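The structure that follows is given in the form of structure tokens.
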Amino acid sequence: MFGKAQTTSIPTKQSPPPSGYQIVQGDAGSDTLSHKSRLKSYQWWAYTVTFGAYFMAHFSRKCYSTVKPQLKTEAGLNQDMLSEMDSVFMATYAIGSFISGRLGDTYRPTTIIALGLLGSGACLFFMLLGIWFDFEGISANFGNAFFLATYFVFGFFQSSGGPVGTAIMGNWFCDAESVKNRGMVFGTWTCHQYLGDIFAAVFTALVLKLKIEYWWALVIPALCNIGWGFLCMYGLTPDPEEIGIDTADLKPPKKTTDKVKLKPVPTDADGHVVEAKPIGFVEAFMIPNVAGYAMAFGFFKLTNYVLFFWLPYFLSLHFDPATANLVSTLYSFGMMPGGIIVGKVSDLLGGRRATVIGIFQVALVPLLWLFAIVSEELPMWAMMVMLCCMGILIGGPNNILTSAVAADLSEHPSIAGNSKSLGTITGIINGSGSITAAAGLMLVGPMTKVYGWASVWYFMMALTVAGTAMLSPKIKKEVYGTGEEEGSQKESSPLLKKVVTYGQEVRV
């Protein structure tokens, strides 16, 4: 059904080329340069299509949250129902992240992404049916059940973009130069979601300004998701090997210290490297630091999703709906440079990503505290500045944890750099975060009614502190060099000795 990938042998020596390709006779160096040139020439296309896929996913997801006031006043959904829809979405998104990551490692990943986009578009059209035929007006119980069920399925389809897109990016950006700059590559790539959020808010504001039916803000994203889904299915190659690009000599050399026990790379009777089988969930959880990053990301993601789902609603209490949507884009705008900064700085520090993430989270706490005190009286310009800063500090860690950090972990020596692991690892981190976010989002609606909006900002402060505490053992290792680092010898001095793990100066 999904076009399950066949097990192939990756030759360690020159072997007959795949159908449609001809190897020009020459020395090994010229062959390597040819493969590198072809790899580099396709990277921009893989980057663009996967970027667009997650852009479209967030375009459809964010448009729902930007029309929440209209869903309440015109579609008849109350605030508690909207909060339940958020939680149902996050619950199925969490489960779907685990499943999608595994499916992406097992079957053809471009098919999985395409099905996610096609299904997302279909779910939006089902929501539109509920709006057009006034299901809430016919029966509140029936309407509530219908919207909850639709958003339940929507979460599953939306979950495919992150884990599977990251796996495809990992396949194409595997050469030494790309690995060295992994934080920067993924820092820019993860801007997809925020550009999607910004575009959704601007598009919804335009729909409301033009005074056309608000549901057009759901129709267009649905059509865009379906169109991009077909592009992913038929216009993107998921792996360089599929078109005859041999990446074995392009990847960083496998280096380790005497204390590291590399898992043997499987070979067949002829000495050819056999394509690795996808790792299981238990094996992925056993990779050092996967569980810690997953738990920390849960708190960070809940902080982000409280703002993602509720910021437009909060702002609509102070501004007209169109202005509220435009002001909310400043948060998404700030999240883009956040990921780039964390990625670049962590590259310069030899992959010490937990340390940079911790610094950002420490800076976020006082900003949330200030927002809790003055948010009700802030003028628009001050609100915009604070939201932009908040976006930088929240977005940076969220971006890197589910991209560059996951890619680092997938190259751990304990799994011999198994290329069929990145989707599963990304799915575990993303899915674990979504489970926490699903539970936490259920509190937001009731919390605002009983304690007011200030309680939400204090709640986010507590989440930030808890997430950073989960990373504290890893941060301590990176800063002070204490304990036994995975893939390295024990460090004796802080931030001086870079850890070499599977050919890359990273800390996983």
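The backbone N, Cα and C atoms fix where each Cβ goes, and this holds for glycine too.
Any TrEMBL annotation is an automated prediction that lacks curation.
Per TrEMBL, the features are:
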REGION    1-24  region 'Disordered'
COMPBIAS  1-13  compositional bias 'Polar residues'
TRANSMEM  44-61  transmembrane segment
DOMAIN    46-479  domain 'Major facilitator superfamily (MFS) profile'
TRANSMEM  81-100  transmembrane segment
TRANSMEM  112-133  transmembrane segment
TRANSMEM  145-174  transmembrane segment
TRANSMEM  186-208  transmembrane segment
TRANSMEM  214-236  transmembrane segment
TRANSMEM  290-311  transmembrane segment
TRANSMEM  323-342  transmembrane segment
TRANSMEM  354-374  transmembrane segment
TRANSMEM  380-401  transmembrane segment
TRANSMEM  422-444  transmembrane segment
TRANSMEM  450-471  transmembrane segment
Can you name the far-off residues of the same chain, 6+ from the ends of the transmembrane segment (81-100), with a Cβ under 8 Å from a Cβ of it?
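Same-chain residues near the transmembrane segment (81-100) but 6 or more away: 68, 71-72, 112, 116, 144, 147-148, 151-160, 162-164, 281, 305, 309, 313, 423, 426-428, 430-435, 437-439, 441-442, 444-446.
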The transmembrane segment (323-342): which same-chain residues, six or more beyond its ends, come within Cβ distance under 8 Å?
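Result: 66, 183-184, 186-188, 190-191, 193-195, 197-198, 201-202, 204-205, 208, 307, 311-312, 315-316, 353, 356-357, 360, 380, 383-385, 387-400.
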Do any residues, 6 or more residues outside the transmembrane segment (214-236), come within under 8 Å Cβ-to-Cβ of it, and if so which ones?
45-46, 49-50, 52-53, 56-57, 59-60, 63-64, 66-67, 70, 74, 110-111, 113-118, 120-122, 124-125, 127-128, 131-132, 168, 200, 203-204, 207-208
Can you work out the mean pLDDT of the predicted model over the domain 'Major facilitator superfamily (MFS) profile' (46-479)?
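Average per-residue pLDDT within the domain 'Major facilitator superfamily (MFS) profile' (46-479): 87.
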Could you give the residue numbers and ranges of same-chain residues that sit at least 6 residues beyond the transmembrane segment (44-61) on either side and whose C-beta is under 8 angstroms from one of its C-beta atoms?
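Residues 113, 116-117, 120-121, 124, 158, 161-162, 165, 168-169, 171-173, 189, 191-197, 199-200, 203, 218, 221-222, 224-225, 228, 231-232, 235-237.
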Which one, 112-133, 145-174, 186-208, 422-444, 450-471, has the most C-beta pairs under 8 Å toward the transmembrane segment (290-311)?
422-444
If contact means at least 3 Cβ pairs within less than 8 Å, sequence distance 6 or more, would you call the transmembrane segment (145-174) and the transmembrane segment (422-444) in contact?
yes
Same chain, outside the transmembrane segment (450-471) by at least 6, Cβ under 8 Å from its Cβ: which residues?
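Residues packing against the transmembrane segment (450-471) from afar: 292-293, 295-300, 302-303, 306, 310, 314, 354, 357-358, 361-362, 364-365, 368-369, 371-373, 375-376, 440, 443-444.
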